[in-house]
Amino acid sequence: MAAVRVLVSPRLASALLPLSGRHRTTSQRAAIHSSAPRPRARVALVLSGCGVYDGTEIHEASAILVHLSRGGAEVHIFAPDVPQMHVIDHTKGEPSEKESRNVLAESARIARGKITNLAQLSAANHDAAIFPGGFGAAKNLSTFAVDGKDCKVNKEVERVLKEFHGAKKPIGLCCIAPVLAAKVIKGVEVTVGHEQEEGGKWPYAGTAEAVKALGAKHCVKGVTEAHVDQKNKVVTTPAFMCETELHHIHDGIGAMVKKVLELTGK
């Protein structure tokens with residue numbers, strides 16, 4: 001068969017060459033090989049010890065870390081360098097009378113050692129702050145477990161909450177931790193779940209009345225939901241205030257983390 005010659009203009013021939021055979025401009029090379037990295041939200045996670053009855057609820061802290069990781073956040077973990085209110089033997093649910101522990105040292109267990117004194121946390125260096133629950137929030141970060149509506153909040157915790165709120169940076173809280181925002185941020189909207197026990201499904205339903213007594217607005221939400229106070233940029237979810245399957249709690253925390261990250265704008 002006779003060969004067929006196809007006449008192609010030099011300009012068209014250049015266009016038909018594979019990319020690897022053509023000269024590229026700097027901007028073309030950049031567009032092909034890379035893209036501008038998306039800024040990562042810097043999130044401070046504030047712990048209150050290690051263990052549901054006298055510190056941080058470990059499952060909540062872990063769920064928060066998983067969802068922050070999935071959301072691409074850069075996480076820094078903090079805790080106050082103060083003694084725990086007391087130590088609970090978690091096999092019995094009773095105080096260990098002769099034992100004392102430090103909140104920062106205990107929180108380091110969850111942080112795998114990568115933790116900083118809360119006194120060094122600055123809102124200027126972070127885009128958001130998140131507080132897991134566990135009774136440590138009501139015993140070590142505040143005196144809510146003992147004093148209810150007349151409670152005091154740890155001075156560093158109060159400072160951090162006021163700094164982030166004043167800078168209009170989002171704050172996430174779950175389980176019992178929303179009482180901290182209720183005490184510090186006037187008129188804030190939070191949820192601790194439902195307001196009736198409903199046959200034991202919501203064993204801490206009475207906390208809703210305490211939230212109201214602190215001057216906050218309580219918003220009823222299910223365990224898989226998060227409430228967003230758009231004005232104050234405070235996001236809350238019930239977590240273990242509800243007796244339910246772990247994956248429901250995990251989903252609710254995911255909703256909270258997602259909203260917090262959205263509010264950072266990153």
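All positions are counted from 1 along the displayed chain.
Every residue, even glycine, has its Cβ placed from backbone N, Cα and C.
A quick note: this is a predicted structure, and the numbers were derived from the prediction, not measured.
Here Swiss-Prot flags K149, K155, K162, K201, K217, K221, K231 as N6-acetyllysine, drawing on similarity to another entry. The N6-succinyllysine annotation in Swiss-Prot covers K201, K221, K231 and is backed by similarity to another entry. Taken from Swiss-Prot, the feature transit peptide applies to 1-39, supported by similarity to another entry.
The Cβ of K201 (N6-succinyllysine) lies under 8 Å from the Cβ of H194, C242, E243, T244, each of which sits 6+ residues away along the same chain. Of all the modified residues listed here (K149, K162, K221, K231), the one with the fewest other CB atoms within 10 A of its own CB is K231. Here the Cα atom of K149 (N6-acetyllysine) is found 19 Å from that of K162 (N6-acetyllysine).
Put simply, of the modified residues K155, K217, K221, K231, the one whose Cα is nearest the Cα of K162 (N6-acetyllysine) is K155.
Note on proximity: of the modified residues K155, K217, K221, the one nearest K231 (N6-acetyllysine) is K217, by Cα distance. For the pair K155 (N6-acetyllysine) and K217 (N6-acetyllysine), the Cα-Cα distance reads 23 Å. Following the DSSP three-state reduction, the secondary structure of K149 (N6-acetyllysine) is helix.
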